[in-house]
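> So TrEMBL lists these for the protein:
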DOMAIN    41-291  domain 'G-protein coupled receptors family 1 profile'
TRANSMEM  23-50  transmembrane segment
TRANSMEM  62-82  transmembrane segment
TRANSMEM  102-120  transmembrane segment
TRANSMEM  141-158  transmembrane segment
TRANSMEM  206-226  transmembrane segment
TRANSMEM  238-256  transmembrane segment
TRANSMEM  276-294  transmembrane segment
Amino acid sequence: LAMLNQTEVSEFILLGLTDIQGLQYFCFISFLLLYLTSLLGNGAIVTMVIAEPGLHTPMYFFLGNLSCLDIFYSTVTVPKMLTGFLFGHQPISFGGCLAQLHFFHFLGSTEAVLLATMAYDRYVAICNPLRYAFVMSPRTCLLLAVASWSTGFLHALMHSAMTSQLSFCGHNHIHHFFCDIKPLLNLACSSTSFNMALLNVVTTSIVLGPFILTVLSYLYIISFIFQKVRSLEGSWKPFSTCASHLTVVALLYIPVLFNYSPPSSGSSPRRDVPVSLMYSAVTPALNPLIYTLRNQEVRSALKK
């Protein structure tokens, strides 16, 4: 095919966020700081969860997984975006583009499933405290973590495999700061209807399924707290844990639902870019702050 068709695209050009010179330096510094915050904050949590025996509980095991995810997740898109601010439009090979797409969706969908797992963990801890140690045994926790990562990996593999089957023959300018599915589908010159269907059906269910489970868990928890716990003191601790979890859930889900819920076909690339920035650069930097600032155990482990 490549021999017959000389215009077969071998690389793409990422147009990035902005062409305005002054704005580029401002963005570079802002996103560099966010990225470093994400690396340091999440790195500190992972180190703490491993090093501090007091944090060897299911809740912190999952939090460590989340922090690991966030480190990789921001690394998939942000460094390339930063070089774009400094050196203008970034070329990326076809293979590099697919790899970026794969890891972005792998880590993103793993995070969605992991947040649902964390919500379930809180539900058992607060609503069935006596059975907690039995239900959330180390083996169960490990299985839930493996299931989260595997689901994300298979979901991303489906998209990268399907995208690699498309042919690209004309335009190779991507109006985005990384290789996402929709901007690539807009450039394909073969039919993308099957890819679009996968995006609308599978990705929406990967996003909505965990989201519904998460919301249900917290509704149960909140109603349980109001019914069972009479004292203000007793209700405050579970409530503050839930508040930090819900903040993280909202930060991930609101932009994702905005970007990936159907109809995907009619959405404008202009709208998708700032929304993607939110969960690829901003959220990973905020997550450790949200968890540590609200959490006594993490703060005392940090002091140690």
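Placement of Cβ uses the backbone N, Cα and C atoms for every residue, glycine included.
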> For the transmembrane segment (102-120), what are the same-chain contacts with Cβ under 8 Å, counting residues 6+ beyond its ends?
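Distant Cβ neighbours of the transmembrane segment (102-120) are 59, 62-63, 65-66, 69-70, 72-73, 76-77, 144-145, 147-149, 151-153, 155-157, 159-160, 178-181, 203, 206-207, 209-211, 213-214, 217-218, 245, 248-249, 252-253, 256, 279-280.
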> Quick one: mean pLDDT on the domain 'G-protein coupled receptors family 1 profile' (41-291)?
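Averaged over the domain 'G-protein coupled receptors family 1 profile' (41-291), per-residue pLDDT gives 86.
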> Same chain, outside the transmembrane segment (238-256) by at least 6, Cβ under 8 Å from its Cβ: which residues?
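Same-chain contacts beyond the flanks: 66, 108, 111-112, 115, 118-119, 122, 126, 207, 211, 214, 218, 221-222, 225, 229, 275-276, 278-279, 282-283, 286-287, 290-291, 294-295.
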> Under 8 Å, at least three CB pairs between the transmembrane segment (23-50) and the transmembrane segment (206-226) (pairs 6 or more apart)?
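Per Cβ check, the transmembrane segment (23-50) does not touch the transmembrane segment (206-226).
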